[in-house]
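As given in Swiss-Prot:
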type	residues	note
BINDING	Asp1340, Asp1421, Asp1422	Mg(2+) 2 binding site
BINDING	Asp1604, Glu1646, Asp1679	Mg(2+) 3 binding site
COMPBIAS	1-23	compositional bias 'Polar residues'
COMPBIAS	48-60	compositional bias 'Polar residues'
COMPBIAS	71-97	compositional bias 'Polar residues'
COMPBIAS	129-152	compositional bias 'Polar residues'
COMPBIAS	153-165	compositional bias 'Low complexity'
COMPBIAS	402-418	compositional bias 'Low complexity'
COMPBIAS	954-963	compositional bias 'Low complexity'
COMPBIAS	999-1009	compositional bias 'Polar residues'
COMPBIAS	1032-1047	compositional bias 'Basic and acidic residues'
COMPBIAS	1048-1076	compositional bias 'Polar residues'
COMPBIAS	1089-1100	compositional bias 'Polar residues'
DOMAIN	660-835	domain 'Integrase catalytic'
DOMAIN	1604-1746	domain 'RNase H Ty1/copia-type'
REGION	299-401	region 'RNA-binding'
REGION	583-640	region 'Integrase-type zinc finger-like'
Amino acid sequence: MESQQLSQHSPISHGSACASVTSKEVHTNQDPLDVSASKIQEYDKASTKANSQQTTTPASSAVPENPHHASPQTAQSHSPQNGPYPQQCMMTQNQANPSDWSFYGRPSMIPYTPYQMSPMYFPPGPHSQFPQYPSSVGTPLSTPSPESGNTFTDSSSADSDMTSTKKYVRPPPMLTSPNDFLNWVKTYIKFLQNSNLGGIIPTVNGKPVRQITDDELTFLYNTFQIFAPSQFLPTWVKDILSVDYTDIMKILSKSIEKMQSDTQEANDIVTLANLQYNGSTPADAFETKVTNIIDRLNNNGIHINNKVACQLIMRGLSGEYKFLRYTRHRHLNMTVAELFLDIHAIYEEQQGSRNSKPNYRRNPSDEKNDSRSYTNTTKPKVIARNPQKTNNSKSKTARAHNVSTSNNSPSTDNDSISKSTTEPIQLNNKHDLHLGQKLTESTVNHTNHSDDELPGHLLLDSGASRTLIRSAHHIHSASSNPDINVVDAQKRNIPINAIGDLQFHFQDNTKTSIKVLHTPNIAYDLLSLNELAAVDITACFTKNVLERSDGTVLAPIVKYGDFYWVSKKYLLPSNISVPTINNVHTSESTRKYPYPFIHRMLAHANAQTIRYSLKNNTITYFNESDVDWSSAIDYQCPDCLIGKSTKHRHIKGSRLKYQNSYEPFQYLHTDIFGPVHNLPKSAPSYFISFTDETTKFRWVYPLHDRREDSILDVFTTILAFIKNQFQASVLVIQMDRGSEYTNRTLHKFLEKNGITPCYTTTADSRAHGVAERLNRTLLDDCRTQLQCSGLPNHLWFSAIEFSTIVRNSLASPKSKKSARQHAGLAGLDISTLLPFGQPVIVNDHNPNSKIHPRGIPGYALHPSRNSYGYIIYLPSLKKTVDTTNYVILQGKESRLDQFNYDALTFDEDLNRLTASYQSFIASNEIQQSDDLNFQSDIELHPEQPRNVLSKAVSPTDSTPPSTHTEDSKRVSKTNIRAPREVDPNISKSDILPSKKRSSTPQISDIESTGSGGMHRLDVPLLAPMSQSNTHESSHTSKSKDFRHSDSYSDNETNHTNVPISSTGGTNNKTVPQTSEQETEKRIIHRSPSIDTSSSESNSLHHVVPIKTSDTCPKENTEESIIADLPLPDLPPEPPTKLSDSFKELPPINSRQTNSSLGGIGDSNAYTTINSKKRSLEDNETEIKVSRDTWNTKNMRSLEPPRSKKRIHLIAAVKAVKSIKPIRTTLRYDEAITYNKDIKEKEKYIEAYHKEVNQLLKMKTWDTDKYYDRKEIDPKRVINSMFIFNRKRDGTHKARFVARGDIQHPDTYDSGMQSNTVHHYALMTSLSLALDNNYYITQLDISSAYLYADIKEELYIRPPPHLGMNDKLIRLKKSLYGLKQSGANWYETIKSYLIEQCDMEEVRGWSCVFKNSQVTICLFVDDMILFSKDLNANKKIITTLKKQYDTKIINLGESDNEIQYDILGLEIKYQRSKYMKLGMEKSLTEKLPKLNVHLNPKGKKLSAPGQPGLYIDQDELEIDEDEYKEKVHEMQKLIGLASYVGYKFRFDLLYYINTLAQHILFPSRQVLDMTYELIQFMWDTRDKQLIWHKNKPTKPDNKLVAISDASYGNQPYYKSQIGNIFLLNGKVIGGKSTKASLTCTSTTEAEIHAVSEAIPLLNNLSHLVQELNKKPIIKGLLTDSRSTISIIKSTNEEKFRNRFFGTKAMRLRDEVSGNNLYVYYIETKKNIADVMTKPLPIKTFKLLTNKWIH
């Protein structure tokens, strides 16, 4: 290698002179256009200025004198790496003389070598042999040179008595192709520059700097002709030469112009990508350079955004600027201007430190022209660049590094040396070696030379105690240095390789030797003035010379930059070899490994562990003494600080100062726990706890939500409690940073009350230990209490409150006192406390009957907070009560030593413990009231009657209260335990009237009814009075349900005695039959009631099978259809004979007897007769929702009275517009541009980039060509936009969509349809999945539409980030929003499922696919898979992933309850057990956004509307703007209600459909009714559609439609019809609509309803048979006997009109042809009634609470 050869030559070349022929150093990454003469001239001036600072000798006169040529002095340039580079030439000065240019006529004589590619080359010296070069004209242009374009200049000074050497200039390569001409011109221009002809090269404007001479023109012509053969010239060059064959200048000018125009953009991009900055140039210049490049690129249409620009700039930062990469690389919104502010700050700090450096020489004013020499003994700090951050990290700027050396002997003193490097930089490979250095020399710690070094010189350092040098070629008598330690100003070690002598040969021919240390780890070669003074040499800075004490001048001193230098030419080279030095300093016996190196090698372990391991020889090869431990204590590894970052440690007991600083109840800790899932809405889901810092007193409060107002209420309560009860004011409240505490509402409240909030730091839960530990303790107690007592989970907060009471009374081990004692309260009286879950009997002071038992079993929870009573849970009523009327159940059968946990509370010790308290109650019980206080905040079922509790159980009513304790001993119960089967998800709608306590019938007379008694209809009315005493004496607290399946025969006139089973008895007792008249009397005068017996026991007595000529269903088919339907439970009624008045009722079609419940039957007749004795629940009253616009008419019926004319004065009811959905998406400006929520904005930006990347990945448009807007037909241009929204799972989504709403009709096929799965198909699939134990898997295909190609030629505007507003791109994929995208995707996925997955689409049901194992429901990009075998689903998923980006949302493999979010439905599914469908989370989020004032704290609505009122027909008198505003509001409200209703809330469809007809008639009345509906939805948002698995004993699928109609109750006398569809007893759909034709009778309306149900019933039947191969039974239930009769009849002559007859005949054909069973159902059990009319609260609940609750 060249570098190896040069390192062995004599250094005499340093003193040789050379004419300057190089005007600029050209780097490999230099702009190719930076060769113009103007730039060359600038560099020539800089070179001349540098040369003038050194003692030089004029060069040889062989150079032609030309005033435009560069100065003939030796050019000085900064060497790029390590030390001065010798000048290199390939053409002598004589050859460069214009007089000898004819030499180029003989190119073979030019010496040339392939590997000596430098433009200039100097031989090592006159004493070394010049190498023999092969003869060659030049290399072809296609052969790159290893160092092409690099120019190295001489850096040594020339003595006046030395002659210049010859110079060789390398010729340009040969041109070999016309395509390479411009590249060849670049090399040719460099050749001219090296030939000292840079001034004739044309500039950018085409003119040279000076005029060209004739000789130069000849030289130019000859060289151009030699190296650019005419056959390889491009055409435009030949055209120029054809005019003037000597016009080479024009060719050069034209070439430069072409290169500039063709490569400007590319050069700018390359320059920007290869930016480098380390502070060596002013920051302003660097900023100007970068901004100019970015501006040019932006002006040329290449937009560089801030993020990309900042990344390019930071990537090129080095030195002290490098840390900016790590401090700013995560800032998304960082701008170039902000980045340059940081760069300027560091640069100014560097300059300030440099300017503050003291000067080496004395102040001229102090010297007073004294030329006497002196020795500088001070130790000034000299600024040096520090490429790495120091350990102490005191400043980012470079610091002075004084170096001190010391021996390992006690007598060694420490001095300092300035200008040392700070940190070694390791070389990566041998190419990093510098010229003059052999590969065998140690290179692991070499550093880059500083830019301000004067090459070939030694730096004079007045503060250094030793001389240091990097090159070993001048060291004499080198030896190892085991006893020398060198440190810099920061006390960091500098490794020393060797110690030797440095010998000088000065101008007076004397030789002087001083000691020198060899190290490659410094920036400059340092010459210590202290060591020169030791040999009688001083530095005189007034004369700038080194001199002896006698005034003899030894050598000149050169000032370069801020420092003073002495030339190395006075040094005598040594004959020592470099390997010798390396062997000396790398001796294993002397070198110690630095601790940072060992620390990194041993996986960043700590120093203590490493030292211990070395001592115990667990790590071999080196010992503890081989490691330098001096920096181990203070060493900070930045990687460890980042990788091992931990939270700060909390000191135990550090919080004690707060206990001394604050008085009791002045410093509180608070925290919230929750939510607890799967609880009824009446039970709290959260609790908030408070703990006093000083007393440790604790409070807990239940919470149903974490809203601001709920938290504020609790804070207000506890602050008032502390203020009034303890006369203290809270000063500080410590809490975490949850949103419930950091909201503005609470902050203002605390500020208003003068309370200081104390928040924990981020992710520091340990700082909140008091509150966190309390919550953990209470939850542990809660789980234990519930486990021990067996109580249901919805009583969890009662266990929390019980634990709080106890914990406040227990003493702390530290303070030896309890929290109550600290607070000044008395201790807890344990005699008033019962174990949690203690079985008790509560007195019922108001039972349903006087002969019913007065005791109700319950479980004690905790002492009441608001009274002296106890909170007791009553499972039979599903309520908690606050009462003192209870008796503790005790039993001696279960002892503690038997470990029967169910009997632990029955021990007699409990009775002895509570004896005093019971005695106190007994003595005062006579004066107490029998009333019970119901705890309203945890009441599970407010609709239950509250008059069912009574006093404690006594043998007789006359037993005095004083015998309470004695009598209670008679009550014995073994192993009483709360029933675990109590559903924890119980809610208000779950409650039916309690089960019958006895099977004994009861007779109640008219008088008792009139006096306020209650009729009981849950027992037969034929039981004799004599049985009552037997019933009372044999009654127990729990009884079995009485079944009436055999109570009555099918004969309506003759009845036998009814067998009655007595609880606990073995004999059956009979009840004599009463007279027919008495039975009628009792029936007429009784109030209608509701029974809780199952449908299996009584429904068959009211079903009338219809047998057609074609179908004769068996009795088991009839029972099978009715058995599993969720029909309400009604009491069995004995067959009776109606009186004559009933026989004379008008015909069935008469308008006079039409009931609001529809149809005429026995039940309607009873209701009509007994309407004056309705119970309170049937009254048409309800709590008003607190909205200021509601008036006294707000609880109205949607059914108008018959006497009113129902005609609206606008056409709204005739043509209802489509309902507009609520806009849940955001535009780009809303989500990003003007979004003030920074966190949300960043998430939307991230979603934006994700969507753009997905579009590019899917090749949505053609990226090869952009079209001009003027060239494309406007009809084919589709506008595009970005929309943003937040999904239900909380993720942020961005979607690039097309504006299909303004798409031209010619751009899509209107016949194509976008199909999605029908909701009935989805519900059917879900129902079959439950019955057949299917696995349900939910999938999502990302960017589904983009997989479908688009056939039409469409163009869209590019996304905004591309910045091409005037361009268009052609679509290749079906973009979201296009009219045809849905259809294209449907066809794509359909073909894939059929061909690749072996599926087939169910005929008549689009998007439902099946094969032998799997069923798929497809809704755009969502897929729901149903399969008996989960592996079958996985197989389909694997196939889909081959083509589409398929995400598994829920695999559904768990056997426990799985939660899904399928098409808006929140589904809870447990295989083989149940499925629950609801929308609680969605409604909780969306309903408050409707701008409807909801009433969360008031009494909740029990029905969506009430019968009895009608919609007024008054004309609206409002202006146009208000009308549009109200219509828009109605569209939003009804839109959401309609979405929910048709999903699963089928009980609301009637109200939704009726209000939807009035969207364009937004009167105040209509709006109020709509608000009432929304309020009801809010109150019942937790309701769910409940499905249970079908009984496995029934192999058939049963599909049933229940039909109903309400005659003439709609505007224009239209009827409302409704149908409910059930599959295997599960409601899967419903429909409520206004009849399209005006019916003339109730029967006609019923026929119309049945005719609407049968087609859908048949379609569903086909779907069920396709998905499940079991046999299917189809049934239709209606409460119209006349409709059934018409369907059954064969008479065709009695139809009123042709339409009616056609409908009837069609029904007959469909019933007979489809094997359809038609049955009668009572109106009271017809659940389709809710689809056709508004119902009273009681009836509404009765018809819906079995299938939706």
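Each residue, glycine too, has its Cβ placed from N, Cα and C.
Recorded features from Swiss-Prot, shown on the structure.
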residue	record	CB count, 10 Å
Asp1340	Mg(2+) 2 binding site	15
Asp1421	Mg(2+) 2 binding site	19
Asp1422	Mg(2+) 2 binding site	18
Asp1604	Mg(2+) 3 binding site	32
Glu1646	Mg(2+) 3 binding site	28
Asp1679	Mg(2+) 3 binding site	27
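The two recorded residues Asp1604 (Mg(2+) 3 binding site) and Asp1421 (Mg(2+) 2 binding site) have their Cα atoms spaced 37 Å from each other. Apart from Asp1340, Asp1421, Asp1422, the residues listed for Mg(2+) 2, the same chain places the Cβ atoms of Leu1339, Ile1341, Ala1344, Phe1419, Val1420, Met1423, Lys1447, Ile1449 within 8 Å of the centroid of those Cβ atoms. Across the structure, Asp1422 (Mg(2+) 2 binding site) and Glu1646 (Mg(2+) 3 binding site) are spaced 39 Å apart at their Cα atoms. A helical conformation is recorded for Glu1646 (Mg(2+) 3 binding site) in the three-state DSSP classification. Per DSSP, the region 'Integrase-type zinc finger-like' (583-640) is made up of 25 helix, 4 strand, 29 coil.
For Asp1340 (Mg(2+) 2 binding site) paired with Glu1646 (Mg(2+) 3 binding site), the C-alpha to C-alpha distance reads 44 Å. For the pair formed by Asp1679 (Mg(2+) 3 binding site) and Asp1421 (Mg(2+) 2 binding site), distance between Cα atoms is given as 43 Å, rounded to the nearest Å.
Mean pLDDT for the region 'RNA-binding' (299-401) in the predicted structure: 58. Each residue in the domain 'RNase H Ty1/copia-type' (1604-1746) gets a DSSP state, and the totals come to 69 helix, 38 strand, 36 coil. Across the fold, the C-alpha of Glu1646 (Mg(2+) 3 binding site) and the C-alpha of Asp1421 (Mg(2+) 2 binding site) stand 41 Å from each other.
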